[in-house]
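Quick look at what Swiss-Prot annotates:
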BINDING   28-35, 94-98, 148-151  GTP binding site
DOMAIN    19-261  domain 'tr-type G'
MOD_RES   HIS596  diphthamide
Amino acid sequence: MGRRKKIVQECETLMDDPEHIRNIAIAAHVDHGKTTLTDNLLAGAGMISDDTAGEQLAMDTEEDEQERGITIDAANVSMTHEYEDQNHLINLIDTPGHVDFGGDVTRAMRAVDGALVVVDAVEGAMPQTETVLRQALREGVKPTLFINKVDRLISELQEGPEEMQKRLLAVIQDVNDLIRGMTEEMDDIEDWTVSVEEGTVGFGSALYKWGVSMPSMQRTGMDFGEIMELERADNRQELHERTPLSDVVLDMVCEHFPNPVDAQPMRVPRIWRGDAESQLADDMRLVNEDGEVVLMVTDIGVDPHAGEIAAGRVFSGTLEKGQELYVSGTAGKNRIQSVGIYMGGEREEVDRVPAGNIAAVTGLKDAIAGSTVSSEEMTPFESIEHISEPVITKSVEAQNMDDLPKLIETLQQVAKEDPTIQVEINEDTGEHLISGQGELHLEVIGQRIERNQGIPINTGEPIVVYREAPQEDSREVEGRSPNNHNRFYISIEPLGEDIVETIKMGEASMDMPELERREALQEAGMDKDDSQNIEHIHGTNILLDETKGIQHLNETMELVIEGLEEALDDGPLASEPVQGSLIRLHDARLHEDAIHRGPAQVIPAVREAVHNSLIDASIKLLEPIQQVRIDVPNDHMGAASGEIQGRRGRVDDMYQEGDLMVVEGVAPVDEMIGFSSDIRSATEGRASWNTENAGFQVLADNLQPDKISEIRERKGMKQELNPAIDYF
């Protein structure tokens, strides 16, 4: 029997023993060594050759991943590991570290119970380290730490034992500060900081395949002094043989990460708001493989032979071929064609996948990343909140008109596979817009359409996504219907930043119980009476109904909300989305005859009232900004900081780290287009840098008129603004 077949059989045997299952993700900042580490674990489990581990990058299965040397998609694999005489099944997801692909990390965290955070010993905790930790902790996923590239401290930087200890302790301290800061208000999480003594921190070199932790040193009798001697003498093979990385890391996974039986009672209440007393809630908490089927889809991929594959976590019940299951948000049922598990880029079909495991399913044609799939209709899981929103848009056109239907189908598939991509399809003009997390994100999507689907495309210049927001309180404004029989009286004011953040993070939404929503918003600073009058939340905008006993308003409210959403999706300045508004409906006059207060009357009246209130509230254009970090040799520091300042940016900090200077600052996304080639030439290719989306800020007053005019022209809108907009 082939080795692979044997592993699949071992996995199938262990699937029914949730106490010996570990569902884990490996996450880190870009280039800190996640995928190389994953290769080591696969080699340790006998799934790839030990000789090529670290070079094979077995989880980077896409051609563009191997070309760019970065992980773009999250890849899944199941393997086995013996720990304390007991075989364990480890379902592992290797995630991307580049900020543009953070959506994959967010979705992976929903499927797992533990996150192995990898940090480069030389660079330390970086911006994306903080982001992946936040994503893990928000989902109730327990972290452990592996400090990689320790060989560089010994061989390259020639650090002595004291220097090295100081540096490693500083990395641990930084990670623990982040964990403490993020969990202090989470009542259900005890102390999840990591520690060398407890064995939740490992050190080593994924490239040279050795690793150590406190338990492994006690077991092998090796200490750091001996490791430094072997590393300096270039005896890395002996190091690998005496303290193999895969054993150290997988032992840590088995010992310190919770199994599904321990994890699900804590995680289910965080991600599911259904009836906590129901049988279904019990089945999920107890990982009952005989209960109703509940699958949370975290990823959609396409196999050229099998079609669409939905990957996700089975929280309850057992998945089997032929089952007919409900998919949240769609009517009818989907029939399962096959179930399987992942072995790197390959899917292995199995007969069944019980609760507590990560499964690969075909046949769920209506599922998207984030769907809840179940054998009985149920309250779906909380939607997966992505930490970043799209900030760059590109137009995409097929070079040949004959390819248009195929391109539209491909773009719809892209949006299904990656919910952080927004696709706008215009069948009339043939020009379609895709919005994503950054230039690289959209570049990769464009290349995959051409390479995988064989559709030659033209893409436009990157366009930055703007927002509009009120800056002060408006007066009460009247909106009239075209027939003059209906009137709405509305005022608008800016929402507090904490309230906007609470909505963004999914901690307050219309899907949750009213009392919970009220409490969350009051905690964020909302007035108690206001929190009780909420009628609707759209994006990060809240509608309050402050009317008293108005006839026919109840049956008209749906149209009011429709008019409100239309007005907020296309702001009055440049038809960009409005954010952070508190809209008060004070009063309404409605015609008693329903025929005179239909959609054609109510929607324009509300839209007019909302737009005029926003104008009265000094609405301004907001632009997206990015945090920028540049690591550069001392003599190029001036050039690096000049690159930020020359882009309307601001340098917030400069400090020495090892032999490099670090420049940190903030710059507008619009000015960061083309940054990579400019920073390379300014620093003679000596700089490494990282950008991370940091929300939106008000565009400077002197730039507002030109930018509004430019956007309106691009959208084919007339240049004249509403005459009330006179504050420029």
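The first residue you see is number 1, and the count goes up from there.
Each residue, glycine too, has its Cβ placed from N, Cα and C.
DSSP assigns HIS596 (diphthamide) to a helical segment in the three-state reduction. Around the Cβ of ALA28 (GTP binding site), 29 further Cβ atoms fall within 10 Å across all displayed protein chains.
Per-residue confidence over the domain 'tr-type G' (19-261) averages 77 (mean pLDDT, predicted model).
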